[in-house]
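What TrEMBL lists as active site, proton acceptor is H161. The annotation substrate binding site is assigned in TrEMBL to D119, G169, Y326. Feature annotation from TrEMBL assigns divalent metal cation binding site to D196, H198, D287. Taken from TrEMBL, the feature domain 'Histone deacetylase' applies to 48-341.
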Amino acid sequence: MDSSTFFDSSCYNLRPQPVTSHVRSHCKKRISYFHNNEIGNFQFGVQHPMKPLRLSYTNDLVCAYRLHEKMRVFCPPKATDYDLMEFHIPSYITFLKNVTPENSEQYSFDADRFNISEDCPIFRGLYDFCQIYAGASVAAALRLTSEDTDICINWSGGLHHAKHNEASGFCFVNDIVLAIQQLLRVYPRVLYIDIDIHHGDGVQEAFYETDRCMTVSFHKYKENGKYFPGTGGLGEIGIGLGKRYCLNIPLKDGMDDENYVVLFKDVISDVKDRYQPNAVVLQSGADSLGKDKLGGFNLSIKAHGECVRFVKNWQIPLLVLGGGGYKIENVARCWAYETSILVDTEVPEALPKNAQFYNFFGPDYSLHPPLVRRIENLNTKLDLQKLSQQVHERLRLIDGAPSVQLHEFSKDLQDLWEESEEEMRDYQEDAIPDIRPRRRLMLGENEFYDDNDDQLVDEDQTIEYAVDNESY
């Protein structure tokens, strides 16, 4: 990839858009790909499951398959303090900007206040890391509103747990919320879809009181909050204007390809028909793949990719983001494969030998290794039928797509920024209370899997296990 290609600042010139914003069917799709080569150099810690190196692996495969030649490639600018404060409170952003491993003791009070923990540790370059991945998502959203592209891809984004006032679940800054805020300045309705194995709680909470962004999350769920983040039950439907515009699809361990894809298409088709989104944001977390260290599903890369293909075929402006994923070789395989889907290019099963990290994909060196582990599928046909029925009953209560007056989008850009600032101040002062207690993704009653025997690892062994079989 030409690392000298930098983001074209012209996409910052937002313009009013028509209410209907479908990709023109007679034109070849225009794809924009956002990647900063520095993103893979950050380390949460040797023992931490989150490995930004997976993004270097992903980009390596994308380039080795020559998929970058079918996209416009951008190295986007970092998000500014102001960009991040569009959602996050200033004191939290100031903390992230100033704290370092060397001075962290001086910030011990703030660290507790902002939920800094084993999940979300202070590491060298933390704020740069946040600025890079959030900047890419904001830049992608802005380009999507500029009528210059049809699909934008940022695999470094999708960190859906961060809240406006704290870190959570390996996520410090919620780039998804920041991107959707940009889209909502142009598009009346944005649909957010989350296929990460963990509930997209941070995004849900940000838009819980509005009908302008409908959130739909497919995730693993256990009663009594026994699986991180402890939210995402059917009863969480939104409040106020947002009532019925929050939809959760809680699933049990062992979900397989056929059942997942059928359920996904069934539910999302109904959502699309009733909500009629003008733009879509798809969080494509890869920890829902089989054999993920923090997962519990049996999904293959092809099934995961089929969900991406299905949404892409709607021909609605689409922003595709990454998310979770802790078996980093499989994360890279998945996102490279989904990039090929987005650019309508078939790629060979054998990984290209010219890939820089080729040796780390052994022993099979294939794009689609078997990922089914010995986890019983606890989602019975009867359970899924009942779940589907409940979901469709709730969707029937949506009485047509929410309308937004067109004059809201005919104001000049400065008015939009000023209104956004005022709304954000009001939100920060009167924010709804946290709908869940603080939980830890790495510790407590969450599950870690051993790659060799596919068995659960006792939580006391978790930290030691996280070092094993890791690729550098």
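In case you wondered, yes, glycine gets a Cβ from its N, Cα and C as well.
Predicted automatically and left uncurated, TrEMBL annotations should be read as such.
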Integer Cα-Cα distance in angstrom, D287 (divalent metal cation binding site) to the residue listed as 'active site, proton acceptor': 14
Whole-number Å value for how far the residue listed as 'active site, proton acceptor' lies from D196 (divalent metal cation binding site) (Cα to Cα): 11
Residues within 8 Å of the D196, H198, D287 Cβ centre (excluding the divalent metal cation site residues themselves): I197, H219, G285, S288, L294, G295, G323, G324, G325
Inter-residue C-alpha distance, Y326 (substrate binding site) and H198 (divalent metal cation binding site) (nearest angstrom): 13
Neighbouring binding-site residues, C-alpha within 10 angstroms of H161 (active site, proton acceptor) - of D119, G169, H198: G169, H198
Rounded Cα-Cα span from G169 (substrate binding site) to H198 (divalent metal cation binding site), Å: 9
Cβ neighbour count (within 10 Å, all chains shown) around D196 (divalent metal cation binding site): 27
Chain-internal residues near G169 (substrate binding site), provided their CB is under 8 angstroms and they sit 6+ positions away: D119, C120, H161, A162, H198, F228, P229, L441
